[in-house]
C-alpha cells in the first residue's frame, strides 16, 4: 500500500509521531482508532509503535495460551524452545492481540514493540494506557528518548495517594509528568487525559461510544481529538484535566458499591441510589482536593462523568468482582480480592487506588 496515497494535504510541519504505551484490552482497543486515524491523516506519521509487555504464547486446540503464572521453562531451555512464540511477533504477524483482544483485527500500521525506549524514540505524542503499578518501572526507561516538546495523554483510570502527611490524592497524569521530569534538564510533558464510558471490547468492535479529553491547552485538546475521534468514537475536549481524570478514578469506587448491591440481591432502586449519591460524592471529592484546578460542574455531565459511572456500575470489572465477592461472603465461602482477580480478569487488575 503506497504510503499516504489517500491523504488530502501536505502539512506545513513534520507529522506527529505517535507512541502507544500499553497493549492490554483497552490499549489494544484504542489502537484500532489511533491506527486508522494515523494512516488516514497527514498530521500523523503512518507508523504507530505500541509497547507490549512481552509474554510467550502458543495455540492449543484453537485457543491461545500462556505458561502458568510464575512458571519457568525447563533448565537450559527457553519458552521458544517449548513451542511458544513472543506475543509481539504474533501481534505483528496476525495483526491481532490474541490474548487481550482476541478476534479483533488491529490496523496494519500498529507495530508491537517489546522495548519501551524504542517505542517512544522520537515520539511527539505519547498515549499511556498501562496499569498504574507499571509506571515506576516503565517510565524511567523512556528518559531522553521522546522528542522535545512532546505531549502526553493518559487513559489510565486510577489514583495514587501521598505516602506521608495528609495522604492527598495524586493524579496519574501528574505522576506521569513528574516521572518524566525527574532528570535535570528533562522537558516538561504537557499531559491530557482521555476518559469516558468505554467498554474496551465494544469500542474495538465499532459500537458507538463517546469519550472526553481533559486538557490544559485547547490546542493540545484539538490534537488529541484528531487522533482519537472516529465516526463511531466521538471525542470532545474540556479544559479540566483534574475533573475528567478524577471521574475516571472515583467511578471505580462507586462501581464496587454497585457490585455489592448486585451480589447481595438488592434491586434497581438501591442501585440507582448508589449511583446518584456516588456521583454527588465524586463531585465533592474533586472540589475538596483539587478545587485549585478550577473543576467544572459541566465535566460531570460529559462522557467522563455520569456516562462512565453508569457504564462501570453495570458492566465494569470492579462491579463484576464486587458482585462475586459479596455472593461469596453471603454464602459463607469468602474469597480474597486477588483470588477473584486471578480467576475472573484474565491477567487484568481491579481499577482504582494503587
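From the backbone N, Cα and C atoms, a Cβ is placed for every residue, glycine too.
What TrEMBL says about a protein is an automatic prediction, not a curated fact.
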Annotated companion of 22, 23, 24, 25, 26, 27, 134, 200, 317, 349, 351 at the NAD(+) site, TrEMBL, chosen from 44, 53, 161, 289:
53
Can you tell which of 148, 157, 163 TrEMBL lists as binding substrate with 317, 318?
157
Quick check for you: of the recorded positions 24, 251, 349, which have their Cα within 10 Å of the Cα of residue 157 (substrate binding site)?
251
Would you kindly give the Cα-Cα distance separating residue 251 (active site, proton acceptor) and residue 200 (NAD(+) binding site), rounded to the nearest Å?
16
Determine the Cβ neighbour count for residue 24 (NAD(+) binding site): the number of other Cβ atoms within 10 Å of its Cβ.
22
If you draw a 10 Å sphere on the Cβ of residue 251 (active site, proton acceptor), how many other Cβ atoms land inside?
31
Tell me the Cα distance separating residue 317 (substrate binding site) from residue 349 (NAD(+) binding site), rounded to the nearest angstrom.
8
